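According to TrEMBL, the domain 'Potassium channel' annotation covers 64-132, 168-242. Per TrEMBL, region 'Disordered' is recorded for 311-332. For 1-23, the entry in TrEMBL reads signal peptide. Positions annotated as transmembrane segment by TrEMBL: 78-96, 108-128, 158-177, 189-207, 219-246.
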């Protein structure tokens, strides 16, 4: 079985195992609290019904009214500032669920808007993330050169750099949201993480208190900039991680092709472990797009060395000579 097939199968097994482990942990952590919350709500419901002499139907009406009134605490959700905030959560796929279209026309437009907006947003964040990675590579190269170290930047260096930036955004932005929303700092960190990873549970949503959408324009601006810039940084890190995985697959495919070609030429045996030494951690190049996969080839010098050895062997045994100066790199 090819290496890339083994890796894909391993990823499927690991993902399913990860889901099973996650389900077991969440079950152990949250089930008991959920039972307590359900009992608490049931007790409060019975107290309210007894105190105000309410029937079950009356209580359900009151409950539905309270639930529907929650979004209105933020002000008018569909005025321009609120609509812009909603549109941002649509194209970024955060989808808090804090406000949703209620009219049929609004629902139809939302679907059409998302069909065009989500790909547009993904391409934009990917492109900006690519530019950011290029800038980060130049910055890291300059720093390493100034420190007297080799000016070589690897994808691992950039992943660490972008991950660090993402961490600073999450922990730094949490201070602002904690102050404006009166959340605990931990809850604010949780909100920032859920937002920038586009999980968007909706249990914590900014700009939903004291008419913030209309009365706090500076906070609205900060929230939008935080989301857009934060997603750009996260996208840059995701680009690098995806590129790293795709490069690993491409290297495996290219290695199989190279081994087959070289084996046909009598240079190496298929599965020769010495070929694996040529595919280590490769430095990034300025002319390589960080959002696309690059195919790396065997270094010329090692191939020439093997070719020279083959020339000597064939000459000693009376075989036809080959040309050591000729590049043995196959053309694809």
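Residue positions begin at 1 at the first shown residue.
Cβ coordinates are placed from backbone N, Cα and C, and glycine is handled just like the others.
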Taken over the domain 'Potassium channel' (64-132), the model's mean pLDDT: 92
Cβ contacts under 8 Å made by the transmembrane segment (78-96) with residues that lie 6+ beyond its boundaries: 110, 113-114, 117-118, 120-121, 195, 198-202, 205, 207, 213-214, 217, 220, 223-224, 227-228, 231
Selected stretch (most C-beta pairs under 8 A with the transmembrane segment (158-177)) from 108-128, 189-207, 219-246: 219-246
Non-local residues, at least 6 beyond the ends, that sit with Cβ under 8 Å of the transmembrane segment (189-207): 74, 85, 89, 92-98, 166, 169-171, 173-174, 177, 180-181, 183, 213, 216, 219-220, 223, 226-227, 230-231, 233-234
